[in-house]
Amino acid sequence: MGKGGSLSDSVLKKILLSYTYVAIWIFLSFTVIVYNKYILDKKMYNWPYPISLTMIHMSFCASLAFVLIKVFKVVEPVSMSREMYISSVVPIGALYSLSLWLSNSAYIYLSVSFIQMLKALMPVAVYSIGVALKRESFKTDTMANMLSISVGVAIAAYGEARFDVWGVMLQLGAVAFEATRLVLIQILLTSKGITLNPITSLYYVAPCCLVFLFIPWIFVEYPVLRETSSFHFDFVVFGTNSFCAFALNLAVFLLVGKTSALTMNVAGVVKDWLLIAFSWSVIKDTVTPINLVGYGLAFLGAKEAQKKTQQADDEEQGRLLEERESEGNGKRSESQN
């Protein structure tokens, strides 16, 4: 009875801890998105400089990651040569900087709810780029799911009250660069046995992003900021915004380590619907029934694709396990002979 009680208490604690991590991740992800919208939107804080905001984030995150790794030694740095850094991390950093720049720029032109709907195209972009780079095999049923997601997003776009072509192009560009980055991580890092958690990823990638962002910043935003003599750097706003961005990366580190990939995906869905509801109820963005129908269709297509991917992964793991067991049995029979 005592053992059963202690076991149930242990399970309950793990469940509560998992839900706590999920709640923290949802809150921080929600906060960063809404906070960025608040800063960049001309009708709110009115600081429409997405490159500058991204550079502030990268500077803050790189500094804190350095302190956590080198001073407090929270995690161990990855052993990496200069050639490896240049050939693998630099391309990923370039894509990440472009993705962040364009995605933050989209907040100036589009509503939070519509941006979340456009982000539903991420599985389509990842799969398409994976097939193009021969990391994924072409499957008719998977492509059918991708088409259903695309149709759903197209319907959501058709029903968008504040449709802005430039804003949509920026967000689609951000999705394309981010999808390419995710595929290249598999090709350039994971395949070579290099695994970066969110902290080590910021440690290596954030300085690289800062360098890449500095080039367009000099020509695009610096001249405007220099002329805006009335602007004073608000340490409270930008400091808390940057801290939330870094805390989000720590939350991802905890969530991935303490929960399953399925929990992460479910949490992402909850966060997206909460953002859509918040955008409609608090920010007063217009969310039409056609928006919701389109996003719902895209969501169902994404869930079906995720289910098939999980099944394929489980089958692959089962096959590898069987091969290892058969190899072990073969070795045992040889030793007996």
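Backbone N, Cα and C define each Cβ position, glycine as well.
Taken from TrEMBL as is:
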type	residues	note
DOMAIN	20-302	domain 'Sugar phosphate transporter'
REGION	308-337	region 'Disordered'
TRANSMEM	16-35	transmembrane segment
TRANSMEM	47-72	transmembrane segment
TRANSMEM	84-102	transmembrane segment
TRANSMEM	108-130	transmembrane segment
TRANSMEM	165-189	transmembrane segment
TRANSMEM	201-219	transmembrane segment
TRANSMEM	231-256	transmembrane segment
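Between the transmembrane segment (201-219) and the stretches 16-35, 84-102, 165-189, 231-256, Cβ pairs under 8 Å are most numerous for 84-102. With Cβ pairs under 8 Å as the measure, the transmembrane segment (108-130) is packed most heavily against 165-189, out of 16-35, 47-72, 84-102, 165-189, 231-256. If you look at the transmembrane segment (84-102), the same-chain residues 6 or more away from its ends with a CB under 8 A from one of its CBs are 50-51, 54, 57-58, 170-171, 173-174, 177-178, 180-181, 184-185, 188-189, 192, 194, 204-205, 208-209, 211-213, 216. Cβ atoms under 8 Å from those of the transmembrane segment (47-72) belong to residues 36, 39-41, 97, 100-101, 104-105, 107-108, 199-200, 202-203, 206-207, 209-210, 213-214, 216-217, 220-221, 224-225, 231, 238-239, 241-243, 245-246, 249 of the same chain, restricted to positions at least 6 beyond its ends.
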